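**Q** The domain 'G-protein coupled receptors family 1 profile' feature in TrEMBL is assigned to 41-287. Residues or ranges marked as transmembrane segment in TrEMBL: 25-47, 59-78, 98-120, 140-158, 204-222, 234-259, 265-289.
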Amino acid sequence: MSPDNFSRVTEFILLGLSDTQELQLLFFILFLLSYAMVLLGNLLIIVTVRTDPKLSSPMYFLLCNLSFIDICYTSVTAPRVLVALLSGHKAITFEGCMAQLFFLHFVGSSEMFLLTVMAFDRYMAICRPLHYTAIMARRACWALVTACWVGGFIHSIVQTVLMLQLPFCGPNTIHSYFCDVPPVVHLACTDTTFTEWLMASNSGLISLGCFLVLVASYALILTKIRACLSQGHWKALSTCASHVMVVTLLFIPCIFTYLRPAGTLPTNMYVCIIYTTFSPMMNPLIYTLRSSEVKESMWRL
C-alpha cells in the first residue's frame, strides 16, 4: 500500500514520565522549580552582563548568548510538560509535535555550536593572547553567534523535512514527555531504517563532532597551562573547568540518544531530562560560582 493511501494521524499522545497521580504531582513540582531556576538564573546573567561595563569581554558576550539559548531551549518542552502534569491532557497535535521537534533541534544544535565557539574563545585567550583582541573582536563575535544560529536552523530543517516525509497512520502513542526524533520515528507506517541512519548521521555526528572539537581545544589549553602555571593561568583553568562541566552535562546524553538509529535501543526519558532541563538549570550556577567577576557584578546589581 502506498503512503498516500494512509490516513494521517492528527494528534499524538505523550505518555509522560508516570501515570501515577502522586508521582505526577512530584514531577510537576520538580519541573516547576527547575524551570523557574532556568528562567531566573539565566535572566540574571543576561541582565548582569548587559548592565555591567566590566563584563564586556567576548567570553561574557558569549555567556550572555548561552543564557538566552538556555531559556529558549527549556521553554520548548517545560511549559507543555507542566500543563500536561497539572491537567492530565497529554495530547499534542501533529503540527504542534513537528513544531516542537523543529525548535528543539534548532535551539539545541545552536547551543552545541555556541559551546564550541566558547571553547575556541578560551583557546585563543590562553594560547594566543597577543592575537586574542584582534581575532575575537565584537564584529567577529557577532558573526560567530550568527553562524551558530544559522547552523542550528539548517540542521533542524533537515530533521523536520525527513520527519514530514514519513507516513503516520496507526499508533500515535509517544513514549516520552516531548516530541523528538527517536520516539516519533517509531510510529511511522513504513520501513524507516534508511531515514533513521540519515537522522543519526545528522544529529549524532553534530553532537560527536562538536564534542571532539571541545575535547581537543581543552586538551591544548591544558598543555599550554602545564608549561606556565601562573596565577592568571590558574584562573583560566578554573573557567575551563566550568565549561567542561557544561559540556559533559549536554553532550554525553545527546551522543547516547542520537548517535544510533532510533530502533537499536529504547529512548530513556530520564536521560532526556539531563540535556533538556538539568543542563540549562546548572549553567547559571556553574558559571556564576566559578566566576568572581560575575558574582561581584550580581551583588552590585
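The backbone N, Cα and C atoms fix where each Cβ goes, and this holds for glycine too.
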**Q** If you average per-residue pLDDT over the domain 'G-protein coupled receptors family 1 profile' (41-287), what number do you get?
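**A** Overall, the domain 'G-protein coupled receptors family 1 profile' (41-287) comes to a mean pLDDT of 84.
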**Q** What stretch in 59-78, 98-120, 204-222, 265-289 has the biggest tally of Cβ pairs under 8 Å against the transmembrane segment (140-158)?
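**A** Ranking 59-78, 98-120, 204-222, 265-289 by Cβ pairs under 8 Å to the transmembrane segment (140-158) puts 98-120 first.
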**Q** Give the one range among 98-120, 204-222, 265-289 whose Cβ atoms make the most pairs under 8 Å with those of the transmembrane segment (59-78).
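**A** Top-ranked stretch among 98-120, 204-222, 265-289: 98-120.
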